Amino acid sequence: MLTFLAIIVVAYLIGSIPTSIIAGKLLKGIDIREFGSGNAGGTNAFRVLGWKAGLVVTLIDIAKGTIAAVPVVGFFKAHPLGAFPDMNEIALSLIAGMAAVIGHVFTVFAGFKGGKGVSTAAGMLIGIAPVSMLMVIGIFLLAVTISRYVSVGSILAAIAFPLIIAIRKYVFDLGSGLDYRFFDHWFVHDSLDYHLLIFGGIVAVAIIYTHRANIKRLFSGTENRLSFGRKN
C-alpha cells in the first residue's frame, strides 16, 4: 500500500510542475493565466509567449505524463517501499499517469489552477502505447493544420485513440501488444491491453465534455484559430 501511495504522490507532484506559469514569469514577468484564454497550458503559451516557448512548454508537459506513467512506476517496482501493488501494470501506469494529469490541472504549486491536461495525458499514453499514440498525434497535427483549431485536433485525437487500440487489437489480432528492441538493450512495449481501451473511451468522453465550451464556439464561429505566423 505504501508503494502505491508513493507512486501516486510522486506522479502528482511531477504533474504539478506549472510549466507555462514558470515560463511566463521567466520570459515576460507575467502570470499566463491572466492573458489569452486564461489557461495554464501549452496552447495558451503558444498564444501569449510565442511558438518557441509554447513548444518547450508543451514538450515538458508531455514529458511529465510519460515520466509519471513509466519511469516512476519502474523505479518503485525496482525499489518498492514494502510490497509492490498486486495489480495489472498497465492499469498501475494509467493510474500514475492520471495522478500526473490531476497534478497538471490542479497544481499544488499554483493555487490548484493549472491547464486542461491534454498534453500530460498524451505523454502518459506515449509512454504506454507509443505506436498507437504516433497515429493519434498524426491525426491531431493533420486536424489542427487543416482547421487551425486546437480544440478540433484534441477532440478528434481523443476519439481516435480507443478506435485505434480496438482496431489493432481485434481487427489485426495483435493481442496485448508488441515489443520493440533498439540497440540490443533498449526495449519499448507498445501495449494494447484492454485497460487502455476502457480508459481511452472514458478519456474521449471526458475531453469532449471539457471542450463543450469550445464546441459551442466552433458552431457559433467564435472559437480562436491558431496562428502559424512567426512570433518569438
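Residue 1 is the first one shown; counting continues down the chain.
Cβ coordinates come from backbone N, Cα and C, glycine included.
Copied from Swiss-Prot, the annotated features are:
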| type | residues | note |
| --- | --- | --- |
| TRANSMEM | 4-24 | transmembrane segment |
| TRANSMEM | 56-76 | transmembrane segment |
| TRANSMEM | 90-110 | transmembrane segment |
| TRANSMEM | 124-144 | transmembrane segment |
| TRANSMEM | 152-172 | transmembrane segment |
| TRANSMEM | 191-211 | transmembrane segment |
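Taking pairs at least six residues apart, the transmembrane segment (56-76) and the transmembrane segment (191-211) share fewer than three Cβ pairs below 8 Å and do not count as touching. At the 8 Å Cβ threshold, with sequence separation of at least 6, the transmembrane segment (90-110) lacks contact with the transmembrane segment (152-172), having fewer than 3 such pairs. For the transmembrane segment (191-211), the residues of the chain that approach it from at least six positions outside its boundaries are 88, 90-91, 94, 116, 118, 121, 125, 128-129, 132, 151, 154-155, 158-159, 161-162, 165-166, 168-169, 174-178, judged by C-beta separation under 8 angstroms.
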